[in-house]
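Novice: Questions regarding the structure given below will be posed in turn.
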Amino acid sequence: MAKVSFIFVAIALITGNVLCQTDATYAVSSSAPGYKIDGHVRKTEAGLHIPLTLNSRGNKKTGIDTFGKTIKDITVDVEYETEERLHVKISDKAKKQYLVPDSPLGFERPQIKHYVSPKHSNLDFQYTAKPFSFKVVRKDDKTTIFDTTNMPLVFEDQYLELSTKVPEDANIYGIGEVTAPFRRTHNVTTLWARDNPDDFYRNIYGAHPYYQEVRDGKAHGALLMNAHGMDVITTEGRITYKVIGGILDFYFFAPKSGKPNDLSIAYTDLIGKPMMPSHWMLGWHHCRYGYPNIDKVETVKRKYKEANIPLQTVWVDIDYMEETKDFTFDKVNFPQDRMIGLGEQLHKDGQNYVVMVDPAISANTTYEPYVRGTEMDVWIKNADGSDFIGSVWPGFTTFPDWWHPNATKYWNKEIIDFVDMLGVDGLWIDMNEPASFCLGSCGSGKVDAGNQPYRWTYTEEEQAANHTRWEKELKAMGNPPGEERNLLYPKYAINNGAGNLSEFTVATTALHYGNIPHYDIHNLYGHAESHITRQALIKHKNKIRPFVLTRSSFPGSGKSVGHWTGDNHSFWPYLKNSIANILNFQMFGVSYSGADVCGFNSDTTEELCTRWMEIGAFYPFARNHNNNAAKDQEPYLWESTAEASRIAINTRYEMLPYFYTLFEESNRLGLGVWRPLIFEYPAYEELVSNDVQTLVGSDILLSPVLDEGKTSVKAQFPGGQWYDWYTHELTVDNKSNKKVKTVTLDAPLTHIPIHIRGGAIIPTKTPKYTVGETFATPYNLVIALDKKGQASGRLYIDDGESLEVKSSSGYHFHLQEWSPQGFWQVWLQEGRKDWLHHHYWQARQQVAKGSRWQEDYQIDPWQE
């Protein structure tokens, strides 16, 4: 049966920004000659080496050099890396095509000492000689999970194309970053990092060429490790990759269990496990772009307290800077001593402090960060070797080249000196796609020109004239020496929302260290900055977990940073779609992620902000943030919003031990903190498109109101017992293991329905105003019994901040043989074993030797 996303209601009417692709966008290159095996297929230690050459068509040139120079000789290397992961690399024999760097600034490839034998792998690689095609088959049920049969293989220097068959109406998830339904249907997803508000279906800040499919209750996944721009077309019966460079470097994943959560473990085994946040990072955050002065920031902090709405972290946007230059202070509105004093007061009050830093550095010879960077020669270059100078908030700017040998030393000094002086607890790195407000090196020869009018302040005619001039200058600059590719205007034009590739970013002809064109490395820029910034903070304080939040990301970014979904809008569809956006990043291995609560652009309303605070309080990263052009939206401004915020944030704080335990599991295993229902219950066909509810872990179900004017919500419940979090009453008893039960739940304006799964034990605390105060209270256990009268749960405890944890406890609880069925709370007296006395309903602590969580276990709770 056809499945329709819950997300879209009049999206195009609201945003006016749905792309219209042509039939050619969706078509495959049917005239391409393809390839055939040429020579001996050789078995290797890892698997297979297959030499290919272009199929001969005599004198016919049809399908040759269509979008670039056709590469005649290519190879296929098949590597059985683990029992659940298969690596298939299709590359040019001459090894001239650009690969993602094997480094923390790209993709750290696994160092495999012993490959598995094909017979022990859960994935089978099958191929056809002429025309060459291949299949990847999951062995346990003989399901073909990737199939290129009768699909063209195109391998040109600036165009790669490969397609796989998928079932009609397949359940595909992932491929981003894009604002779209969680389940991907008939559309084109473009991967080219771009500074732009979250337009539906258009490419935005990051690039994640990874998808998961759930088919017949089992999950598998595929990653294309390629940082070039690409279109990924999902259409009926097919997924097609159209890539403008590099190689086809695929990783396929098929966990033996078939469980989507085990697929997340397998994927993050490759790209890296998500970073572990400190306690304070799990609290409520507040920010605004456009606070006029520090008095206003301090007033917001005070009014949160007066309204008794918990506030853990105060953020300051670029407003604090002098002329929006990094590492400076507005002497009038945000003087340095007041900014330092704000941090000191926050820390005294048990709160935290984060500020923004952008990568673009003002090109001004009186500005020390620019002078030092110029002396160290760390800037991205033009094709002629001069510094590339774009335009961002402070006017004409240079951009650090993260791949330059001096870049780490340069950034370390700037970051460490600044953080040490200001006393902030973390950094927010924005505009790192990288963003530029002009086309090309528009500031060449204009160092010391100072602030420039922003492009949107010009009339349309003036903007067009400026663009014409910039484009003429960019073309005149030409390609880097020896470069034969068309870097500015490749013949295959991906569906970049900005138009040409160099629009509003660093020009594709600009050069990074080693003469690498930006064309080849663009999608890695924010990812590289994330790693270097994290390492700078570790160098500053090497015992404390660093905090970095990034806008642009790539597979593996979650090891270093968290992510917010960027400049969304204060419209109901964006509230609704925030769930899908966050679920995507859970799947991408960035578990510390969230959206701007109440919306960033445009004016929110009391009802919208109230409903957004209710679900936003449970985002893995939870922050209210809005734009300087929008009206105020602090949650204390409306009575209903304040009441809903107090309830929701206090409920989150009550659950902080549960959240923290989930983040530890994410850091150790790679599981998401938020989880889509279909990933926990893959046998339930009715859940495949549900992106309006979410699970927190496996045990807490959130069913928010996401539509204007509604005071109830239709919620889907999988099999089992589901208890109301607030009343402890049994809400749903679903005896089916394949069919959901849909229930209409009352949800007045200040209420978000929350349910706990029967069979779960949730560790909790008594909520206080700050995270520190909350964690200082005794632990409680909230127990919801299943139909057998049993329940289990887990609690992870450490000091809440150490980078290298030297002492931690892992507790696993199990309650059994208790009747009648019900809902109970159990008191935990920390550090003692007598709380497990039979008086507390025969609760038993299970320390299962050899279990996965046991790896972090160092303190035996049974010891005196």
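Here the Cβ of each residue, glycine as well, is placed from N, Cα and C on the backbone.
From Swiss-Prot, for reference:
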- 1-22: signal peptide (SIGNAL)
- ASN187: N-linked glycosylation site (CARBOHYD)
- ASN364: N-linked glycosylation site (CARBOHYD)
- ASN406: N-linked glycosylation site (CARBOHYD)
- ASP430: active site, nucleophile (ACT_SITE)
- GLU433: active site (ACT_SITE)
- ASN466: N-linked glycosylation site (CARBOHYD)
- ASN500: N-linked glycosylation site (CARBOHYD)
- ASP567: active site, proton donor (ACT_SITE)
- ASN568: N-linked glycosylation site (CARBOHYD)
- ASN734: N-linked glycosylation site (CARBOHYD)
Novice: ASN364 (N-linked glycosylation site) to ASN500 (N-linked glycosylation site): how many Å between their Cα atoms?
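Specialist: Cα of ASN364 (N-linked glycosylation site) to Cα of ASN500 (N-linked glycosylation site) measures 29 Å after rounding.
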Novice: Name the residues of the same chain, 6+ apart in sequence, whose Cβ is under 8 Å from the Cβ of ASN734 (N-linked glycosylation site)?
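Specialist: Residues satisfying the criterion: PHE717, PRO718, GLY719, GLY720, GLN721, TRP722, VAL740, LYS741.
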Novice: Tell me which of the recorded positions ASN406, ASN466, ASP567, ASN568 ends up closest to GLU433 (active site) in space, Cα to Cα.
Specialist: ASP567
Novice: Among the active-site residues ASP430, GLU433, ASP567, whose Cβ has the fewest other Cβ atoms within 10 Å?
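Specialist: Candidates: the active-site residues ASP430, GLU433, ASP567. Fewest Cβ atoms within 10 Å: ASP567.
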Novice: Where the distance is taken from Cα to Cα, which of the recorded positions ASP430, ASN466, ASN500, ASP567, ASN568 turns out closest to ASN406 (N-linked glycosylation site)?
Specialist: ASP430
Novice: Among ASN187, ASN364, ASN406, the glycosylation sites in question, whose Cβ has the most other Cβ atoms within 10 Å in this structure?
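Specialist: Comparing the glycosylation sites ASN187, ASN364, ASN406, the most crowded Cβ belongs to ASN364.
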Novice: Tally every other Cβ atom lying within 10 Å of the Cβ atom of ASN466 (N-linked glycosylation site).
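Specialist: By my count, 16.
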Novice: To the nearest whole angstrom, state the Cα distance for the pair ASN500 (N-linked glycosylation site) and ASN466 (N-linked glycosylation site).
Specialist: 16
Novice: Taking every protein chain shown into account, which of the glycosylation sites ASN500, ASN568 has the largest tally of Cβ atoms within 10 Å of its Cβ?
Specialist: ASN568
Novice: Measure from the CA atom of ASP430 (active site, nucleophile) to the CA atom of ASN568 (N-linked glycosylation site) and give the result in Å, rounded to a whole number.
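Specialist: Rounded to the nearest whole number, the Cα-Cα distance is 14 Å.
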Novice: Taking only the Cα atoms, work out how far ASN187 (N-linked glycosylation site) lies from the residue listed as 'active site, nucleophile', in Å, as a whole number.
Specialist: 28
Novice: Cα of ASN466 (N-linked glycosylation site) to Cα of ASP567 (active site, proton donor): how many Å, rounded?
Specialist: 26
